[in-house]
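Engineer: Here TrEMBL flags 60-79, 91-114, 120-143, 150-170, 182-202, 214-235, 241-263 as transmembrane segment.
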Amino acid sequence: MTHGGQALARTVIGIIGLNFEVNYNSCFFFTVFLYKLAPFKIHHCVYVCVYFYSSEIQNLLNAGNVISFALFISPAPTFKRILEKRTTEEFHPYTFLACMMNCMFWVFYGLPIVHPDSTLVITINGIGLFLELLYLTIFFAFTNKKNKRIIVTGVLVELVALAAVVFITLLCFNTHEKRSMFVGIVCVVFGIIMYGSPLTILKQVIKTKSVEYLPFWICLAGFLNGITWFTYANLKVFDLYIAIGNGIGGLLGAIQLIVYAYYRFRGKQNDVKLHNANKDTILQVR
């Protein structure tokens, strides 16, 4: 890593530390994160290195927010490929639609009228919402008519659903506790949908025996995000809403990683067999 890259990394870490209350001195050089993930050529900007004292609940919360941030930027390699090829190929928009809706509901959940003192919830999901809108805009620009219809329909349905939830919350529930419970349940449901959205491509993976269109970084970030928030939910005061959604999310992420590893390894074995078969054919011809 060059001096310029270190300077950029320290700048990024400083910004994250400022926004997520991360201890700067304990985070640098703990892990190299998301190398080559940026869709542009400023690769060193994605050297985000964060370490948290595992015994401190607040630091685990901070870790959860940074990993959530990682989840939101994990599609970057996919969109780098889309921008380079000027086409979405066989990628589906469902994951980004699901993530966008999840972020919208969590932003609403974190508002003072629903669940006071939830600044971090609003901050991280606000960033996620912005990124998902950016991803969907890029996807829409380079995809086919069928996927464009799916995106437009999906966004309209999500906005109607959000408006309905806001209306019901403000009209039918008068206390923060009741509002948090109702919106929390909604967030759990759509959080599970977000975590499971990469599974929509599994049929194609099994059929083609290829993981080309199963985004590894999204699966990995989803798994880590689910495990971290599930752990946080079981510390000090048990939080049912965070535990259920993220526990199931971690499990779905694990399933996706297992499928990815299986077909990735199997694909390499098939390539070796094909290579050996070609060599044998050439030798026989000679």
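Placement of Cβ uses the backbone N, Cα and C atoms for every residue, glycine included.
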Engineer: Ranking 91-114, 150-170, 214-235 by Cβ pairs under 8 Å to the transmembrane segment (241-263), which is first?
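Structural biologist: Counting Cβ pairs under 8 Å, the winner is 214-235.
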Engineer: Cβ pairs under 8 Å with the transmembrane segment (91-114): which stretch of 150-170, 182-202, 214-235 has the most?
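Structural biologist: Answer is 182-202, with the largest number of Cβ pairs below 8 Å.
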